[in-house]
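Colleague: Pulled these from Swiss-Prot:
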| type | residues | note |
| --- | --- | --- |
| ACT_SITE | C142 | active site, acyl-thioester intermediate |
| ACT_SITE | H235 | active site, proton acceptor |
| ACT_SITE | E237 | active site |
| SITE | G111 | site 'Important for acyl-CoA specificity' |
| SITE | S192 | site 'Important for substrate specificity' |
Amino acid sequence: MPIKIPDQLPAAGVLTEENIFVMTDSRAAHQDIRPLKVLLLNLMPKKIETEIQLMRMLSNSPLQVLVDLLRIDDRESKNTPRIHVETFYQDFDQIKDNKYDGLIITGAPLGLVQFDDVVYWDTLIKIIEWSKKNVTSTLFLCWAAQAALKVLYGLEKQTRGEKLSGVYYHHKLEQQDPLVRGFDDVFLAPHSRYASFEGDFIRANTDLRIFAESEEAGVYLAATKDCRQVFVTGHPEYDAETLHHEYHRDLTAGINPNVPANYYPGNDPARPPYHSWRSHGHLLFSNWLNYYVYQLTPYDLDTLDQKAGGVDWEI
């Protein structure tokens, strides 16, 4: 899917060099079709890196995707130039009157922080509640999935004894839903989190449909019956080197982390890691965009209202 982004956004140059179809504002102005409007709430410290990763995932379809970048507070980022944030990001007050086809809320390095201690927790609650009536489908990634379970279902934070880091096998539990169309019965996906998503706990306390689960990592992919909220507990958008950089960051910080599981050849951090989840990541985002966003969203977003009930898919 050609993604429509500002001409000067750093991701435009990077993705163009990768032969990914990027449509700048000037070119998109000559196409007389309505692009899908996707809002990205980027909570990750390295914002440019995350922008590139997610825009890469959104790029494989013949439709335009117009991406708006959202920031949640005015604190200066230690890892992203201030001028970049001021140039390309909007705050909630600037977009709250808009409606969107899709919303992606990223993870955040807050696994050991209680929700009430998160500086922007109240604003995040406001955004999630706002999305119910102003977004067709919202995709929550990693920490955002845990935060959404708290906001939408009242579930308290469940934390693992040690950080889960690595690439794990997952079993597809649902055959018919289009969100998992084309998934292998067993597939790999990366995780980097302290959050726990045990299947029994999720099943006992929510009405979510669970689509994929791992013996080591727990629930990986779930969604509400009306497809309006999608929960991904891992990081399918990660580049091949992202877990590597996080591992060395933790080493430098003296955390003494475990070597990411199933990641380095021979479990040797000196060897270049495999990117064994690439095809899965692209397929997950493509399915979400096509079936949960494009197929369900109204042409006139002003008519968007909260849907009720499930969707009868014809497979």
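Don't overthink the numbers, they just go from 1 along the chain as shown.
Including glycine, each Cβ sits where the backbone N, Cα and C put it.
Could you tell me the structural context for the features on the list?
Modeller: Counting every protein chain shown, 29 other Cβ atoms lie within 10 Å of the Cβ of C142 (active site, acyl-thioester intermediate).
When secondary structure is read from DSSP and collapsed to three states, H235 (active site, proton acceptor) falls in the coil class.
Listed in sequence order, T50, Q53, L54, R56, M57, L141, G281, F285 are the same-chain residues at least 6 apart in sequence whose CB falls under 8 Å from the CB of E237 (active site).
For the recorded site, G111 (site 'Important for acyl-CoA specificity'), the DSSP three-state label reads coil.
DSSP assigns S192 (site 'Important for substrate specificity') to a strand in the three-state reduction. Residues within less than 8 Å, Cβ to Cβ, of S192 (site 'Important for substrate specificity') and separated from it by at least 6 positions along the same chain comprise G107, C142, K163, L164, S165, G234, H235, Y238, T242, L243, E246, P260.
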Colleague: Would you mind listing, in sequence order, the residues at least six apart from G111 (site 'Important for acyl-CoA specificity') in the same chain with a Cβ closer than 8 Å to its Cβ?
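Modeller: The answer is W143, T159, K163, R193, Y194, A195.
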